[in-house]
Structure formats: C-alpha cells, structure tokens
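Okay, structure first, notes after.
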Amino acid sequence: MANLRSLTKHFICACQLLLLLQAKVFCSQYKVGDLDAWGIPTSANPQVYAKWSKNHSFKLGDSLLFLYPPSQDSVIQVTEQSYNSCNLKDPILYMNNGNSLFNITKPGEYFFTSGEPGHCEKKQKLYIAVISGNGSAALAPSYGPSALPDTASSPSYTTVFGNIPQPPSSSPSLGFPLFVTAVIASATWGIINARI
C-alpha cells in the first residue's frame, strides 16, 4: 500500500512537470541596440544595428523596444526595397512616441529605419529575421543593397503596436496554466487518496 502511494505521488509530480513545461511560453522584449538608444550610429560603431541583430534570435511573441527622444527621431517599418534605398515614403508602420514597441506576430523578415531624413543613409536602420515554427530563419545581412537577398515581391507584414509592458519580474509568472495544473493535481490526489 505504501509503495502504491509513493508511486502515485511520483506519477502526479511527473504529470505536473510535463504540464508546466508544455504551458510555459517565453517571450522576450529586446531594447534595440542594447545599451545604445535608437539613433544614428557613432563613427566608432557604425554597424551597431547590424551587429546587434546578428547576435539575437527573434521568435513569435518577442517585441522590439525602440527608445529615442521623440522630438528628434522616429521609427518606421518599411519594405525591403524602401530599406535598401532609404525611401521614407509610405511606411508600413510609423512610430514616434520615443518608447516605440513593435510586437512580432508573424515569422519573416522585418525592416526598420529612422523616419527622419538622412538618418537611414547614416546606417540608422535595422533588419531582423524571425524564426518560424520549424526553427528556420534567415541570417541578418550586412548593410547595403547588395547584401540583402532579392525577392520578387515584398512579404506581407503583420504589425501590432501596444503599450510598453512592465519590466519582467525576477521569476516568470505562469498565471492561469499553473493554476489549472494545481487544481487538476489536487483533484487527482484527492481521488487517489480516497480510494487507497
């Protein structure tokens, strides 16, 4: 009887662990450029955004945070062609509040530049590739028209603009999935104890 209880406890713990692992989804918020704010790259680090994007792997649910003085700059999402030619006309998305958050809702390639004239030509632009469900992603290219792959048509971009979320706590919140797991485990444990 004691062995059955011990085995049951271990089984329930294993089931809870599996449920928790399946329920956890980790998304990250990335400050574009890390320590550097969104702005014209310095002469000491002219490829700051190219290097930054190469050192990060982006996935669905992640977000990009562009920080800049709103009176001096902005961020626009553009097509690949507009990115290559630094064409600021007809952006896909225009953000100018100084704390611009771009939520990644679809895999693919995304192109951003400053909305201020002359900034794109000074390398204030960002290309990212977002991995798809199968884990594949294109690598971030070096800046310049010849460095980007040619495509026959511009990809479709789904964008979502939202408020700046609160900084993450030291431990991730599992919320509802943890509660459901706890209720199921407690009910199962109660039923098993009643029968033993």
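Even glycines carry a Cβ here, placed using N, Cα and C.
Predicted, not measured: the structure shown is a model, and the values here were computed from it.
Taken verbatim from TrEMBL:
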- 1-27: signal peptide (SIGNAL)
- 28-132: domain 'Phytocyanin' (DOMAIN)
Quick one: DSSP breakdown of the domain 'Phytocyanin' (28-132) into helix, strand and coil? 16 helix, 35 strand, 54 coil
Looking only at the domain 'Phytocyanin' (28-132), what is the model's average confidence as pLDDT? 94
